[in-house]
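What TrEMBL records for this protein:
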type    : residues : note
DOMAIN  : 3-120    : domain 'Response regulatory'
MOD_RES : 55       : 4-aspartylphosphate
DOMAIN  : 141-242  : domain 'HTH araC/xylS-type'
């Protein structure tokens, strides 16, 4: 059920909508019934809402100022303006600040019901899209984490083709996906893991430099030393001697 705030300085209209309009039947919970824009802002500072049905002309603070506040704060609220015929241009200004629609106060009961039924359907669709996007994000994040775990385990020998095969994807696609999600090329990430592992091994006096080179996947010690210096700015020997 979507939370709705009603704001209007006319007590009879506010009370009538709050008491007799079938909010719950069409998917809304009337979370607050307020009489001016200042009360709306104070409410939003400590509560969330999905929809705001707001009169344009109110004392203390009007609907346009509320729309500006919601726009500046980037609050995810679907704002609908209440408008009299003479307020149409004013309503358009509010819509420039993100108000999504306006309702003329002379609208019939059935028209209001139709507006909010359609709104509920629209909100349902938007929420479904968000859930699907979230599910997709979670799925791809799991793939990235799986790749990173494989690299951590098999850093000495692992290749892009191997991690792609492990997640049942094309290597070119995995390369693009990895960069998109991490901001790093796969080769950069693999190198960083190798070099961090190399630094750990170099800190252990049991390993000779050529052994460290082999442990992190370099059969040629010179190539290892070159890669290590490029990554850390010092040679393996300098690192071991305390240059880190």
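In case you wondered, yes, glycine gets a Cβ from its N, Cα and C as well.
These figures come from a predicted structure and were not determined experimentally.
On its own chain, the residue listed as '4-aspartylphosphate' has 7, 8, 9, 10, 63, 81, 82 as residues at least 6 apart in sequence with a Cβ closer than 8 Å to its own Cβ. Taken together, the residues in the domain 'Response regulatory' (3-120) have a mean pLDDT of 90 on the 0 to 100 scale.
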